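These notes are about the structure you will find just below.
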Amino acid sequence: MAPKVPPQPTLEQSTSAVDAGHGHHHAHEAPPKGIMRWLLTTNHKEIGSMYLIFSLIMFFIGGIFALVVRLELFQPGLQFVNPEFFNQMTTMHGLIMVFAAVMPAFTGLANWMIPLQIGAPDMALPRLNNFSFWLLPVAFGLLLSTLLMPGGGPNFGWTFYAPLSTTYAPPSTTFFILSLHIAGISSILGAINIIATILNMRAPGMRMMDMPLFVWTWLITSFLLIAVMPVLAGVITMMLMDINFGTSFFNAAGGGDPVLFQHLFWFFGHPEVYIMILPAFGIVSAIIPAFARKRLFGYASMVYATAAIAILSFMVWGHHMFVVGMPLAGQLFFMYATMLIAVPTGVKVFNWVATLFRGSISFEPPMLFALAFVVLFTIGGFSGLMLAIAPADFQYHDTYFVVAHFHYVLVPGAVFAIMAGVYYWLPKWTGHYPNVRLAQWHFWLSVIGVNLTFFPMHFSGLAGMPRRIPDYALQFADFNFVSSLGAFLFGFSQLLFVAVIILCVRGGKKAPAQAWGEFADDLEWSVPSPAPLHTFETPPTFQRPAH
Amino acid sequence: MTQSDREIRQAGVRRTIWRSVAALVGMFAFAFALVPLYDVFCRVTGINGAVDTTAQSIVHEEVDESRMVTVQFITRNGSGLPWRMEVETRQVRMHPGQTTEVHFTFSNQSGGESWGRAVPGVSPATATRHVRKVSCFCFEEQKLQAGERLELPLVFQLARDLPPEVNTVTLVYTLYPVEGKSEPLQTAGAQNKEGEEA
Ligand code: HEM
Ligand SMILES: [Cu+2]
């Protein structure tokens, strides 16, 4: 999330040690000034920064929606908002966080880092890259504008189950569908670009099994995107037709079936949750070895585990639907298949811990977030295993226990990994180290805030508090009180994150090219800090590190 | 990087794009293909209570006197049709193999003529394929004049091979308007508010 791009390259700068000796100077004309520069840029670093800034803004907008929800749930009773608006807030919070904050943040990191990590001069399709970014503000501007439309914005939950999202939906739903289509196209184009870059643009000598894990996890994530985003597009197209053209895909009256909606949605939805976590695995796998001062334990098994998770993720969607009246055989199948995913996930956690074992560990900001990721993501994995037990899920389903589960895997999971990545790569982006004091404050307040918010939700869920309600029975008051306090603490401490980033862009301790020592030695650390606008115009020769 | 290197790279990128686009189109088509596939799957396995809506002939098999099964009837009004649907008895006890007839009444409580259809469902799903309907109002659409009452039969059997663990079978009928055939609902609804709430 570097709001400023490295200084304008002059010819001298780009002829640095890394790309010395290149013969051709194409496309180095002075870029257009002002807003046009950002509208038209095809540079992977500038586009990466734009993705990251966009994601940060959306993170705050989605965060404000969450705080509206937590404010209302602070005490039993209806105090601040009416139930209709409450439902719009829970829905918008989920949609914005998933599609506008977490996914674009990972795409931004991919844009910035993948070409640098594989020694490519840019993404394979730079103009397409610009287009996929600019689709996002359009999509989410449209989505946010539905809140102001007659009847309000989407109010049916981020999972938009039909017929709630068709027959009973507000009139703005057609715009919701349109905005999701645009966001989906953006993700798909991004995925094609990333695959094309990774498969074709690697530095000479770099084999697939030499690629940094962030590159590997993003490659697999892109395949997931290509496989499931069209299914999402299909589902919302069916909704659109049910709403506007009188078809009955999900309408029982016309021979359709609402359960079909859930099958289609979760066929997309479960791989989608892995889309939000696999790149996080990649980031953490880069950071832990760097600060444990050891090689990553089990590189190859990490790659295979990622692939295994991706393949299995297509076979477990039914675990979201245990209570729809699935036959016993179906429940058993989805239950065992889901538990099977815990195996490759366990392999990963084992490898991170084994990397730490007897390492010479230091606790710089990226490492703090990465370590918190390992611990707290694992807690989320365990609650996932509890939910995977079909008979137990009959009790847990649609309670706050599910909310606790997915927030543990997504906030101290995906979001912490993004923050770890930002702290890790800020020196490369800005040429300065982030302010350690402030970053530590940010870290500790975030960890405390996250756990205060989400840990009590396990208990309120087990005690039977349903999710997506604006009011609740008195016995849940204490848990909700703590959750709301934690949420405000977490929310406001994110302002520190913004402060660290702005300060780091402005100045700070100068970072050398290899900013985090000899175990952070992927190709990005061979270019100067800050990375000049154009890098690797002449491909570097890849040196396999001595293992 | 030489010219030929760059050309090889370009060709690789182009190949990747075409393959991705093919996969995308394939997956989009797959999502739509799942709609009929899902339907066929549910019908074949009987999951979902999706029953055959065509008449079957009576099978004269020996009645299994040793076994009693409870059959319950539930009638529901889907939204948008100002009709009331009732069944003469909520529950019957019968032997597998026996043929039973139950009467349902439909009454149109609105001031206009309208078309409706009762959509059937069976629970538990494992019983679905063993419910043999000889005659059912649910096979076709019904038309009722304003205020009209209509009594229609359901004639059915439970097959003898009904799984032994099934002791109760529930048949659910949900009333839905037939799209495009009903009069505009406003007139009906406006004239007969109470009817709609029923
Ligand atoms: C060991 C790994 C995991 C297992 C066994 C697991 C299992 C489950 C199960 C069974 C549910 C359904 C609960 C219910 O609705 O009753 C669920 C929900 C969910 N999981 Fe996981 N999960 C795992 C990892 C993850 C990860 C890594 C993510 C995301 C990064 C994730 C995100 C979600 C979300 C968002 C939901 C809730 C969807 C909703 O209904 O709104 N899970 N998980
Ligand atoms: Cu899932």
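Just so you know, glycine gets a Cβ as well, placed from its N, Cα and C.
What TrEMBL says about this one:
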{"type": "DOMAIN", "residues": "A:38-543", "note": "domain 'Cytochrome oxidase subunit I profile'"}
{"type": "REGION", "residues": "A:1-30", "note": "region 'Disordered'"}
{"type": "TRANSMEM", "residues": "A:50-71", "note": "transmembrane segment"}
{"type": "TRANSMEM", "residues": "A:91-112", "note": "transmembrane segment"}
{"type": "TRANSMEM", "residues": "A:133-153", "note": "transmembrane segment"}
{"type": "TRANSMEM", "residues": "A:173-201", "note": "transmembrane segment"}
{"type": "TRANSMEM", "residues": "A:213-241", "note": "transmembrane segment"}
{"type": "TRANSMEM", "residues": "A:273-292", "note": "transmembrane segment"}
{"type": "TRANSMEM", "residues": "A:299-320", "note": "transmembrane segment"}
{"type": "TRANSMEM", "residues": "A:332-356", "note": "transmembrane segment"}
{"type": "TRANSMEM", "residues": "A:368-390", "note": "transmembrane segment"}
{"type": "TRANSMEM", "residues": "A:402-426", "note": "transmembrane segment"}
{"type": "TRANSMEM", "residues": "A:438-459", "note": "transmembrane segment"}
{"type": "TRANSMEM", "residues": "A:479-505", "note": "transmembrane segment"}
* Asked: Mind checking which residues reach the transmembrane segment (A:133-153)? Cβ under 8 Å, same chain, six or more beyond either end.
  -> 39, 47, 50-51, 54, 58, 61, 84-85, 88, 91-92, 95-96, 99-100, 104, 170-172, 175-176, 178-180, 182-183, 185-186, 189
* Among A:91-112, A:173-201, A:299-320, which stretch has the most Cβ pairs under 8 Å to the transmembrane segment (A:332-356)? -> A:299-320
* To do: Find the average pLDDT over the domain 'Cytochrome oxidase subunit I profile' (A:38-543) in the predicted model and report it.
  => 96
